[in-house]
């Protein structure tokens, strides 16, 4: 009795899977190619420094709501020019609040972990969206400055407040 029920549900699941995959090709979800192109340019760090929950919502806001293209701090000025090229924007205004436009450089951040207070819980490393924090549990962790975007997410999850961010 139980084998027949399992067999019936297995066959039913298989048939529904085939139907769903067939429906996917008949009614494809059409994505805006411009949004996808802008999203591909963004660094995908999901750091939320732009005020959006991730890179795709920010790309969607840029294309649909004419959001400023200079809010992505990890992307820097080069990203701003690439997005402007995709959107055919001719006059780009520099935003000195978010980017260091005069030197064509990103605002650099240095993240320091205090060795005395770090307990090696690895919470900062597990929440880092760009994997810039390395270390093993119960030992001191370190930050790879080259990859750190300064998003402050590690600060929120550190139980001992041993992480300091210095913006230069």
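Just so you know, the numbers here start at 1 and follow the chain as drawn.
Here the Cβ of each residue, glycine as well, is placed from N, Cα and C on the backbone.
Residue ranges 1-24, 25-48 are listed, and Swiss-Prot annotates 1-24 among them as region 'Hydrophobic'. Here Swiss-Prot has 118, 121, 124 binding [4Fe-4S] cluster 2, and the candidate from 55, 72, 158 in that same listed site is 158. Comparing C-alpha positions, residue 118 ([4Fe-4S] cluster 2 binding site) sits nearest to 154 among the binding-site residues 55, 72, 148, 151, 154. Only 47, from the binding-site residues 47, 121, 124, 158, place their Cα within 10 Å of the Cα belonging to residue 151 ([4Fe-4S] cluster 3 binding site). Proximity to residue 128 ([4Fe-4S] cluster 3 binding site), defined by a C-alpha to C-alpha distance within 10 angstroms, is shown by none of the binding-site residues 50, 72, 121, 158.
Same-chain neighbours of the domain '4Fe-4S ferredoxin-type 1' (109-138): 43, 45-47, 74, 144-151, 153-154, 156-168, counting only residues six or more beyond its ends whose CB sits under 8 Å from a CB of the stretch. For residue 151 ([4Fe-4S] cluster 3 binding site), the Cβ neighbour count at a 10 Å cut-off comes to 23, with all displayed protein chains included. Counting only the Cα atoms, the space from residue 50 ([4Fe-4S] cluster 1 binding site) to residue 124 ([4Fe-4S] cluster 2 binding site) is about 21 angstrom.
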